[in-house]
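See below for the structure under consideration.
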């Protein structure tokens, strides 16, 4: 009997006070239930900040680089069919689910799973994936900064074969007469030769031999490339400055960060369409290969691209919507 009484006492001590309904405890309908243990997190300055943040999260490298490559590899225009199907059946419902759950909970992707402690690992996995993506996205941004600085030269360095970094026996400039002769020479070589001395463009050799300075293998680490290291440091400083005050600063940055990629994409579209033979290339790219739809790998690639495009299951959408007002119409 004494053991049963001790267990009952512990159970009563761990259970919340019985104050009746939420209304009786001072909670009004249409508001988030009180969480006295959670610090005040603030809210978005406007609905536009939340909307542009979601757009910026979804429109990124996964759409600009990965989607065209997958579409070309998996049937061209036919790839849009499995992609749109996966988008309608899984992508959009999951997108809305994460926004709604994040807004209701008002906490990040880790604390959200306090409702189901056995699934807390899901929230930790979301944060881990976002951390990995953040790390390699900043590496890519450092390359962008490097090329942006290099492009301010009177003549971009990858427009010619510079003996300081190029292999003059294999390097050629795309579109030049010398490159046409070099391609003809290598095309006439016997097929028994391996590809070690095949011709390479000046831009490729600039990237591998000068920017990256690739070693012979992973076993040879090589020295630190300080110019790239400084570009990487600059990338992280920009990220820190954008997030130093949470959504108060990031909410203002997205007005530029979420709209600028569209301006760049529009400029690239116009530039590409003005190139000679652009229409032939576009038709070749979008012409569907219908037999690809019978390949399960194509549907798998479409499902994977859907996750990359919408950034679902990564915790970012939950975190963004958690700063919304509890009564915000997230569906609209």
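Glycine is no exception: its Cβ is also placed from the backbone N, Cα and C atoms.
In TrEMBL, the annotation transmembrane segment applies to 253-274, one of the ranges 231-252, 253-274. Feature transmembrane segment, per TrEMBL, maps to range 80-101 of the set 80-101, 168-189. Counting Cβ pairs under 8 Å to the transmembrane segment (122-149), the top-ranked stretch among 80-101, 253-274, 298-323 is 298-323. The Cβ of 59 has fewer other Cβ atoms within 10 Å than any other of the recorded positions 59, 161, 171. Taking a C-beta cut-off of under 8 angstroms and a sequence separation of 6 or more, residue 56 (Na(+) binding site) has the following same-chain neighbours: 254, 257, 258, 261. Residue 161 (disulfide bond) and residue 309 (Na(+) binding site) are 37 Å apart (CA-CA, integer value).
Least crowded of the binding-site residues (63, 309), judged by neighbouring Cβ atoms within 10 Å of its own Cβ: 63. A distance of 32 Å separates the Cα atom of residue 171 (disulfide bond) from that of residue 63 (Na(+) binding site).
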